[in-house]
Structures are given as structure tokens and as C-alpha cells.
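The block underneath contains the structure these notes are about, expressed in C-alpha cells.
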Amino acid sequence: MEDFVRQCFNPMIVELAEKTMKEYGENLKIETNKFAAICTHLEVCFMYSDFHFINEQGESTIVELGDPNALLKHRFEIIEGRDRTMAWTVVNSICNTTGAEKPKFLPDLYDYKENRFIEIGVTRREVHIYYLEKANKIKSEKTHIHIFSFTGEEMATKTDYTLDEESRARIKTRLFTIRQEMASRGLWDSFVSPREEKRQLKKGLKSQEQCASLPTKVSRRTSPALKILEPMWMDSNRTATLRASFLKCPKK
């Protein structure tokens with residue numbers, strides 16, 4: 001699974017997933033399914049915000065790469081993928097600026113058009129079951145929930161899907177591609193089945209001492225509005241590279 005993740009996802013996403021697992025004391029060489037799940041979730045969050053801007057009239061607009069209007073304000077602030085300290089700093093800054101209610105748990109995105117935090121879910125199970133789990137955990141009507149599955153299903157708070165159909169279809173296509181690529185390598189069943197995952201985890205624990213620790217580079221993200229907090233984590237060239245890789249999943 002680890003080899004698949006490194007081949008299928010952009011190196012910047014892999015790097016962020018490595019950092020996240022290290023922050024929580026998890027070993028990606030043992031918990032490979034979690035490694036794959038984190039990378040998938042990160043990519044969906046990036047794709048959710050991709051190309052979406054707000055124009056001078058405060059309306060949402062979709063801008064393709066290379067368009068001179070790309071200097072418009074980003075519609076979504078990406079919170080997922082930051083270290084916890086920086087993530088809460090961003091959340092606090094958003095709340096102070098917009099008057100939004102501070103969430104109990106770290107959300108994944110903030111939507112400047114709808115003025116709400118968004119929790120993104122990617123599930124291998126039934127979307128309605130995962131949605132209810134998220135809702136019961138968050139216990140806040142202020143945070144919008146949007147769940148995607150690998151089968152093309154989705155569920156959102158009050159059936160408000162936030163994005164246009166084409167943007168959501170791009171996310172669903174990517175998830176379906178990941179599922180197909182996993183299946184072609186015989187990885188999908190273990191990714192879906194908790195029992196098989198536990199068996200793989202137990203097997204990995206026995207060989208834990210043989211696993212070399214993975215060096216992790218710290219990589220941070222922030223929007224132009226928060227440049228006073230720290231430098232931009234990614235310039236336009238790196239952003240373009242990341243976007244161009246979204247639908248690529250090379251085979252072995």
C-alpha cells in the first residue's frame with residue numbers, strides 16, 4: 001500500500017500526510033491504510049477548493065489555470081494539512097475577522113462565500129452512516145458537512161452541496177480512479193475491511209523493528225490573507241504542479 005500511495009499521489013500531499021502521522025505518533029509503514037486514507041482526504045480538500053474564487057461583487061466564480069483573474073480572492077481557506085497550532089491560529093483569525101462561531105473541532109475548510117466552516121468526509125462505507133457519525137461528533141449546526149464515497153455517492157448538510165456539479169464530478173472521478181487502481185493491485189479489500197486491516201496491522205507490528213524511521217519535512221500552507229503569520233507554503237508554480245497531478249495515478 002505504501003508503494004501505491006507514493007506512486008498515486010503528488011509528493012506534496014504525501015509529505016503532508018507523513019507530517020500529520022508523525023505529529024500524532026503514527027507509523028505509516030505499519031498503518032499503511034491510514035496513510036492512504038489521509039492522502040485521499042487531503043487531495044479531496046485541495047480539489048474542493050481548486051479553481052474557486054470570489055469576484056469583486058462577492059460572487060463565486062470558477063477560474064481555470066492561467067487566467068489573469070487568478071489574483072481574485074480564494075473562496076476557500078484550507079485548514080486541513082496544517083500542524084494543529086497553525087490550524088487553530090488560522091481558525092481563530094477567521095473567527096475574529098468574520099464573526100464566525102469557533103468550532104469545537106478543527107474543520108477542513110472555510111467557505112468565505114457562505115461564511116461557514118466545512119468538514120469534508122471520505123468514506124469506504126455508506127455515506128449516510130458516516131455523515132451521522134460526523135454530525136454526532138461535531139454537534140454543531142454551524143459547521144457544514146459534506147461526505148464523498150468511493151462509489152460516487154455524496155451527502156451534505158441540508159442537501160446543500162456547495163460546489164457546482166462539474167467540480168463535484170471531478171472529485172468523484174478521482175475517488176473512483178483511486179478505488180480502481182487499488183483493486184487492480186489487490187489492495188482494495190484490505191483498505192475497506194477493518195478485519196483485514198487489523199490482520200495487516202498485526203503483521204506489521206511484528207516487523208516494526210525492521211522498519212526504518214521515515215524522515216519528515218515540515219511543510220506549511222497559508223493563504224495570501226494570512227501572509228503576516230508566516231510565508232506562503234506554496235508558490236504559483238508548485239500550485240500548478242499539484243493541480244496538474246490531481247487526475248494522474250500512474251500504474252506500476
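Don't overthink the numbers, they just go from 1 along the chain as shown.
Just so it is clear, glycine is given a Cβ too, placed from its N, Cα and C backbone atoms.
Given the structure is predicted, the values throughout are model-derived calculations rather than measurements.
According to Swiss-Prot, the features are:
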ACT_SITE  Glu80  active site
ACT_SITE  Asp108  active site
SITE      Leu28  site 'Important for efficient shutoff activity'
SITE      Leu65  site 'Important for efficient shutoff activity'
SITE      Arg195  site 'Important for efficient shutoff activity and nuclear localization'
SITE      Lys198  site 'Important for efficient shutoff activity and nuclear localization'
SITE      Arg199  site 'Important for efficient shutoff activity and nuclear localization'
SITE      Lys202  site 'Important for efficient shutoff activity'
SITE      Lys203  site 'Important for efficient shutoff activity'
SITE      Lys206  site 'Important for efficient shutoff activity'
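Take the CB of Glu80 (active site) and look out to 10 A: across all protein chains shown you find 23 other CB atoms. Classification of Leu28 (site 'Important for efficient shutoff activity') by DSSP places it in coil, neither helical nor stranded. In the shown protein chains, 23 other C-beta atoms lie within 10 A of the C-beta of Leu28 (site 'Important for efficient shutoff activity'). Within 10 Å of the C-beta of Asp108 (active site) there are 24 other C-beta atoms, taking all protein chains into account.
Asp108 (active site) and Leu28 (site 'Important for efficient shutoff activity') have their C-alpha atoms 21 Å apart, to the nearest angstrom.
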